[in-house]
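The structure appears below as structure tokens.
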Amino acid sequence: MSKQENKALVPERRFSEFRDAGGWVYKPFEEIFKRLTTKNSEDNQNALTISAQLGLVSQLDYFNKKVAAKDLSAYYLLHKGDFAYNKSYSQGYPMGTIKRLKQYDKGVVSTLYMCFRTKKEFNESFFEHYFETGLLNPEIGKIAQEGGRAHGLLNVSVTEFFKDVNLLVPETEEQQKIADCLTSVDELITAQSQKLAALKTHKKGLMQQLFPAEGETVPKLRFPEFWDKGEWAVKKLEELARRGSGHTPNKQVSSYYNGGIKWVSLADSNKLDVGYIYNTKIEISKEGIENSSAVLHPAGTVILSRDAGVGKSAVLHSEMAISQHFIAWDCNDSELSNWFLYYKLQILKPTFERIAVGSTIKTIGLPYFKEMHISIPSLSEQQKIASCLASLDELIATQTQKLDALKAHKKGLMQQLFPAINEVNS
């Protein structure tokens, strides 16, 4: 039995005016889209790349340089609203990524991409959202050749893609309604994203003023009560905090792991640079501590990654151990605020990234940290600076939660406005 002969497929949620309409129907890709093969004869220099998160973006913006060849005449020319398909699979996109050109009026892409434009009787915004649902994955999976996957690029025939890949679509009016609904949510997400970006930019600028510039001992901006307090003192960090390190218990001994002791490793890189670290991906045991050089560091300890993800930092929310890829400081509370040190390390991150060495994995050797000096004001001024920045971090965290909630709302909405993949494949 063909797909067209199967039971009518409808989404879980439908707008009232379409509840009595028929089921969505399959149409071949070539019926909905026109393939684009126009070459760049007008010498357009806006070379684009596909980002799974950002869409079709300028190589200059994405890579901070143009990675395309100097001669772009052989590239495909796209106009705003056109689509491009990158057959390279990535996390969350096992069958490659299709994105629509939205940010620029025109741009050019490599001929490795398949390019196409929605025919006039179909809604391009609807299909922009459709391509994010995963509904197309099984269709592409039917024609993708396994041999190409080892190189990260799916072997997909252009002819088969346009002829044999089918899309499940409603009537044009319902396409428009769904597109309008999801686009309005996208606009909210964009607005909240811009607010978050503005907060982060404000924090970055404030930090640059609250801490002295490199080689200086007085910040550009100071709280009124500290205007007449003079220069900050330059001291060796080891005089202000007890330096510690970490270790990895033998991974071949299962009893050294899963014992309830939080252990910060490179697997927790995404939990750094947001203040406290509360949990870790891996836990070790008391036996693992006793049979290795790993040690427990008290709550409030400041840690810094000196290897992969070099320069990322955090404050331990509770007692934890760390791997050898990190360095730790337990601050002398009478001289150095742990949160001031955390923010100081944050502003020094570009320096850490610059001095790290290594061909494969960048790292900073321990001798650097043994001799590391920092400039500090009085403890009360340290605490004032840390409190100010912590308040901004709270605003950023709240804004991030709002943004995440909107993204989750959109994801749930899409799951209801489009037929479920398991129904489509049954």
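Glycine is treated like the rest: Cβ placed from N, Cα and C.
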Per TrEMBL, the range holding coiled coil, considering 165-192, 361-388, 389-416:
389-416
Within the coiled coil (389-416), what mean pLDDT does the predicted structure show?
97
Helix-strand-coil residue split for the domain 'Type I restriction modification DNA specificity' (70-200), DSSP-based:
56 helix, 31 strand, 44 coil
